[in-house]
């Protein structure tokens, strides 16, 4: 069985800061990382490689994604395919899915595609099901458990009203929820071994697409910080001890009428 | 807009979407999981036609994709609103891919302006928002439950049909298990006491529970407390992938303030936090805070309230 994990190289949201004057976002300190939700997808791929002995590939698209190659390879995949171009910044899910689906077709013979639930930057949760629809694969989303026996795949889905266990013959696209597993942290040995693993850069023409395929009919407006107007008052300032601070807090909350 | 569709596997959300959709389009067809009563209700909230999509016994609800594609081919809806449930989001994304159209997930806004549709999303885990405009149709927009208020039902006539699947598709359902009824509805609580990883011992939960009881509130938590440590049930974790609450008071301790958690508490009227790290990000989104050890502050709060 050939398994391919899709992942997104995102900016670390913990290092995005708000410019208080104009509510714009400052990305200067934000570095790229493998989207946390996709680490669960990679971990599932890595564990399937160990348990059922599949071949495991990874694929990504975006601006600056070449920087992610060693990182992803240290987490289990034998080979990574990527498309890196300045024009691939802030892709809409429709475009991401179109590019990844075309890459998967080009690679050929992929029985199982694994995606994370969504991405930590835009969290649209569309790419897995979109790839499934574009490739004509079954979409198995919100997966919390996956069993593979030959070409049979059994997935437990966690939905709003309960769980659903489903069975399908490959090919399929599984989108996993974070609780499915706990991604391992790569060892030094794996990090060193990653440098020797192959990576393949693909261009738009090589996967049979053109510039026109990068278009979306949505117009994205400015990004503005969702500032919460909060008082930010430190209650224990000038207090002798905790009990004084606590009394002050209770008095304040009663004055604000949020406490009886 | 001419034709608007709504698709929902959750009746309450269907009512909310019908009210909103009615203001945007001249004709409204609702594809809903439910019975005749649900269909009548959707009509009373604005739908002209209701097509019921029952949960198939042997395959997934998303299998209606092929029927919907066929319907879209003849009906040409311009706007398709989908309830942002798990099934809804999966179906919306697949339908968008098949129709080769955009899909905007969890829009907070839905307005028509100069022939364009104006939408808004929360991005970067709750850090920012972004307006999105769309002027080519069709477009699919998913809307989370409770985003829009349900309107007033009206006396109205409409047509009701039962939709059948076209083929079973490759996915077989082996088993379905309903979720156990939630023992708590955090979304309704006036006061929520939050606990995070700053709590090092599970036994310490007792004091959070005591505090919540004293305040007449409920205990909520961060994701790791529920998902990793399993100290509290999942229904109690707050955040972008958990519960989003709107209490009068959210008082938390040992919560660092990761944006994913803050997303779930941002609509609280007053936020109070206790953390021993004076640079904890949670302080930036708090009205009041105490820099201190939760093992000292929580018991002090309990005895002061007693």
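Backbone N, Cα and C atoms are what each Cβ position is placed from, and that goes for glycine too.
Caution: TrEMBL annotation is automatic and unverified by curators.
Here is what TrEMBL says about this protein:
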DOMAIN    B:4-170  domain 'Electron transfer flavoprotein alpha/beta-subunit N-terminal'
BINDING   B:197, B:222, B:223, B:254, B:255, B:256, B:257, B:258, B:259, B:260, B:261, B:275  FAD binding site
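Here the binding residues for FAD are B:197, B:222, B:223, B:254, B:255, B:256, B:257, B:258, B:259, B:260, B:261, B:275. Their largest Cα to Cα distance works out to 18 Å. On the 0 to 100 pLDDT scale, the domain 'Electron transfer flavoprotein alpha/beta-subunit N-terminal' (B:4-170) averages 95 in the predicted structure. Fewest other C-beta atoms within 10 Å: among the binding-site residues B:197, B:223, B:261, that description fits B:197.
Applying an under-8 Å Cβ distance to chain A, the binding-site residues B:197, B:255, B:257, B:261 reduce to an empty list. Cβ contacts within 10 Å of residue B:259 (FAD binding site), excluding its own Cβ and spanning all protein chains shown: 21. Secondary structure at residue B:255 (FAD binding site), as computed by DSSP, is coil. A coil conformation is recorded for residue B:197 (FAD binding site) in the three-state DSSP classification, outside any helix or strand. There are 21 other Cβ atoms within 10 Å of the Cβ belonging to residue B:257 (FAD binding site). Sequence-distant contacts of residue B:255 (FAD binding site), defined as residues of its own chain at least six apart whose C-beta falls under 8 angstroms from its C-beta, comprise B:194, B:195, B:196, B:197, B:198, B:222, B:261, B:273, B:275, B:280, B:282.
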